[in-house]
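Colleague: Starting off with a structure, shown below.
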Protein chains: 2
Amino acid sequence: MDDLKVNKRLIMTPGPVSVDPRVSQAMSNSILGQFDYEFVDIMNKTMELIRKSFLTDNQWSFPIDGTSRAGLEAVIASIVKPGDTVLVPIIGRFGYLFTELVKRAGGIVHNIQKPMGEVFEQAEIIEALDTVKPKVLAIVHGETSTGRLQPIDQLGHACKERGIYSVVDAVATYQGMIIPVDEWELDAVIGGAQKCLSIPSGITPITFNDRFSEEINKRKRVELGIRSNESTEQDHFIRSNYLDLTQLQDYWSPKRLNHHTESTTSIYALYTGLKIALTEGIEARAARHAYHQEGLKQALKALGLEIFGDETNEMKMVICVNIPDGADDSKFREGLLKNYGIEIAGSFGELQGKIWRIGIMGYAIEKQNILTFLSIFSLYLAHQGVQNLNPEKAIDTLLAYYA
Amino acid sequence: MDDLKVNKRLIMTPGPVSVDPRVSQAMSNSILGQFDYEFVDIMNKTMELIRKSFLTDNQWSFPIDGTSRAGLEAVIASIVKPGDTVLVPIIGRFGYLFTELVKRAGGIVHNIQKPMGEVFEQAEIIEALDTVKPKVLAIVHGETSTGRLQPIDQLGHACKERGIYSVVDAVATYQGMIIPVDEWELDAVIGGAQKCLSIPSGITPITFNDRFSEEINKRKRVELGIRSNESTEQDHFIRSNYLDLTQLQDYWSPKRLNHHTESTTSIYALYTGLKIALTEGIEARAARHAYHQEGLKQALKALGLEIFGDETNEMKMVICVNIPDGADDSKFREGLLKNYGIEIAGSFGELQGKIWRIGIMGYAIEKQNILTFLSIFSLYLAHQGVQNLNPEKAIDTLLAYYA
């Protein structure tokens, strides 16, 4: 068995993406015990950074020790009890994931759906809230499978007025655009690590408000021996221990009740990644993502490619292009990776083989990398036999954009 | 908000413990996409290392992306469906955790229990298997809360003969002693990261055999649209998506079905940690733990402390001592940490305030650290006002042991 040797990559997918060396360095700090006073201090500071990152005053802003999917499941499994109704609008693959998670929790899902590449008008969703009258609205903010940004700024308020809990999957948009959780009156929001925040996968920042906390705490499982009536609680307690937000509240609060053994290095990564992001500034960081996305998009059009979907509802951290005639999806991506160490993504379901998704996420997104990517991508496409491309015009366009 | 700054520690608790710098260095390698051919190769090699670490040929040997508790929950939540009976012998705190996890899964727990500090004769457990006739036996191998090692070498065979599934929590013993999974005929075993393997918490290696796999796959949730009869499956599918072992099998096999975004850096850590452990050799590593544990134990006796519990059933990776008269549990441990950067652990429940637990786990366990620890610990105990100690004799004993 060889020593670990990893070759250089320029990852231009919607995650996982490259990590800032300052994050890697932070992760090599000494392990601390989870009740070490220094670690408790870092936990507290990390919560404060998470609050700032979500523009919220929510006390309950802490990470889940697992990948984004664990964060989504923790929120859904805690708020949805068997028989609860959940409205899940679907514009792509991650709406299906919410659907799956609700069904696992025993909830009843009502889906509304748009063709791949479109988003909902918020009025359509609010109308569905009035028809379905769900307990929970679970909605994806940035649907990376189609590159669409679902507008959600009015949904939190609409839910609150109706006594519905809003749950937002902001895994792909977190730290790549501004998500003002309090201003938008969202009840629970799940961010992501390995996308625009650009730290390693394995930890997931979430936030939820007191209204959400009160509701999930009705299901709090009192420890053995204290519980008065097991039979009535049997149907209602949260099915997971590891992803039980009410237990995690006791861990991520002055109570510090022992739960799991917090992943020290992931906390170091999260702390440092958030500090880097907030030092750059959420607005500046959002502007950086949008700036490079726009430049590369213009250049890809100049190259001769077609952009997939309506640009009025596109995510600013992904570019979706139609795969041009003459290029084979898998063969092209494999060649790009094996020859140049550059990775782009295909898509899922009905879009598989039809579009490529180019991620514009986090640390690696700066002029030199984007220009390098465009040069290699353009010429390798031409090499693969795609006709009517104009690589020189593409580069002229991007250099002019940056000038 | 300051930059992350972590002071030096000598962690002498039963985890999380210090990490080998080679592991930290491996974690700073470039992120790879989860379907990058190089990453797939690392995943395959990691599975092979996990097999070797458990001395098993089990195909199903892969990590869970979460802390040890996530690994325990993944196994329990996958094998225990509502109404299933599980026998959980309790010799300490982690037996209660198994109990809790089974109840969350809707299972019916039968506990048998020993006073804290004792272990079961295997015959007692086998007798209980015949009385209770459970579907599953869930048992803790190394119970760190009391420092006891529960003998289990005959239990796998006894379970198999009776058509019962054996599940073993080997979180604390994994890579600190030899656990021959195939020879002991164990069906599912959960290892640990942040203990004797000595990598950061956040990933958990597990292994299970085909017999176990067949059983959990009866609960496999077929994707939406393919399922023929939702109502009958509704009661039986695994409640978690994130911790569903049948889905993880599709991810950790040539199918490579997309599930979560694997934690790249945790895999780098696990790969490297296992490589270090297997290069040392499982037997040599077990011998190293036992060697230093014995030396320090003799020295602590020479110092004048009493060892807690029966030495015939002690774990070789923990020393439990009775807290001597004159020492205040919290105050002493806090002083040791704040003055010297050395951490030892208290215990839980009825043993809280009565014993200290000194971990002998992983990378940091070598002569220089043990001698340093003993010197500081002895003199600081004397400084705190504990009478009738003999620090010089303690050091003489340990130096003589090492000579």
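Heads up, the Cβ atoms here are built off N, Cα and C, so glycines get one too.
Because the structure is a prediction, the values reported are computed rather than measured.
Annotated domain 'Aminotransferase class V' per TrEMBL: B:32-345, in sequence order. Annotated N6-(pyridoxal phosphate)lysine per TrEMBL: B:Lys195, in sequence order. The feature substrate binding site is assigned by TrEMBL to B:Arg357.
Structural setting of the listed features?
Modeller: Take the CB of B:Lys195 (N6-(pyridoxal phosphate)lysine) and look out to 10 A: across all protein chains shown you find 30 other CB atoms. Secondary structure at B:Lys195 (N6-(pyridoxal phosphate)lysine), taken from DSSP and collapsed to helix, strand or coil, is coil.
DSSP assigns B:Arg357 (substrate binding site) to a strand in the three-state reduction. The 10 Å shell around the Cβ of B:Arg357 (substrate binding site) contains 23 further Cβ atoms across the protein chains shown.
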Colleague: What Cα-Cα separation, expressed in whole Å, is found between B:Lys195 (N6-(pyridoxal phosphate)lysine) and B:Arg357 (substrate binding site)?
Modeller: 13
